[in-house]
């Protein structure tokens with residue numbers, strides 16, 4: 001399909017669940033509730049970490065970044081998703097679509113790298129406990145966190161810039177809830193080989209390498225834990241990294257399904273598959289950020305104690 005001057009694309013149409021109006025109402029209520037829980041849970045966790053000086057450690061510094069990242073990620077897409085549920089076909093300008101895609105991709109890529117950094121933190125804490133304060137000093141863990149954000153932003157700039165240069169013809173219907181990069185690439189009426197190669201490189205840099213770091217870290221962590229003579233010591237050591245491991249499994253299990261295999265063009269009768277992938281993307285984009293503060297706080301005695309102290313002081317101040 002050739003691009004003509006009369007078919008210059010100025011907007012996209014988000015289909016979402018427009019073919020299932022009853023489901024739209026259900027998902028609107030469900031996603032809105034999840035979004036409010038994300039803001040509340042991650043907001044409380046950030047406040048507790050900042051408030052309690054006992055939590056001013058590398059582990060909780062990374063966790064604070066993760067919570068802030070989850071708020072940013074969901075805020076870049078959920079308002080558009082909710083608006084999509086309220087309209088039959090949501091129209092989004094080309095520039096607005098690219099901006100939302102940039103923010104969502106940047107936050108997702110940053111989280112991949114950040115989870116790798118958090119695995120390194122747990123590796124040093126368990127394998128080298130006596131040297132942990134020296135190795136993971138402020139001069140070390142702060143650049144690690146900043147590097148995660150920079151890597152995610154640069155990766156998103158590259159992918160979004162390449163997508164913006166593609167010619168789009170008459171077909172502007174996106175079978176998704178948001179402006180998702182793979183769904184956008186399917187609409188291009190030109191060769192997207194460069195985009196596919198770039199996405200493969202992106203997968204390697206922000207998916208495979210961090211996952212390799214996580215895997216190697218936990219191999220060494222498991223080896224160290226097995227050498228601990230007491231059962232109680234093993235349990236305590238594993239409990240310090242079980243939350244991170246749970247988040248990694250949920251996060252990478254979903255994101256690999258979404259981005260591991262870029263497609264150059266849609267196949268015949270792929271609409272149902274597109275909606276299925278969109279629903280999985282919705283799960284990744286909303287469910288995971290909602291679960292993160294629960295996973296990190298329910299079994300964390302330090303966080304529980306900090307919450308009690310903060311609430312206790314506020315109550316005493318009120319009296």
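Using the three backbone atoms N, Cα and C, a Cβ is placed for every residue, glycine included.
Since we're looking at a predicted model, the values are computed, not measured.
So that you can see what the record holds, here are the features copied from TrEMBL:
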type	residues	note
TRANSMEM	26-51	transmembrane segment
DOMAIN	41-296	domain 'G-protein coupled receptors family 1 profile'
TRANSMEM	57-82	transmembrane segment
TRANSMEM	102-120	transmembrane segment
TRANSMEM	140-162	transmembrane segment
TRANSMEM	174-198	transmembrane segment
TRANSMEM	204-226	transmembrane segment
TRANSMEM	238-259	transmembrane segment
TRANSMEM	279-298	transmembrane segment
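If you count C-beta pairs under 8 angstroms between the transmembrane segment (204-226) and each of 26-51, 57-82, 102-120, 140-162, 279-298, the highest count goes to 102-120.
Contact between the transmembrane segment (26-51) and the transmembrane segment (279-298) is supported: at least 3 Cβ pairs lie under 8 Å, counting only residues 6 or more apart in sequence. Remark: the transmembrane segment (140-162) contacts the transmembrane segment (102-120), by the rule of 3 or more CB pairs under 8 A.
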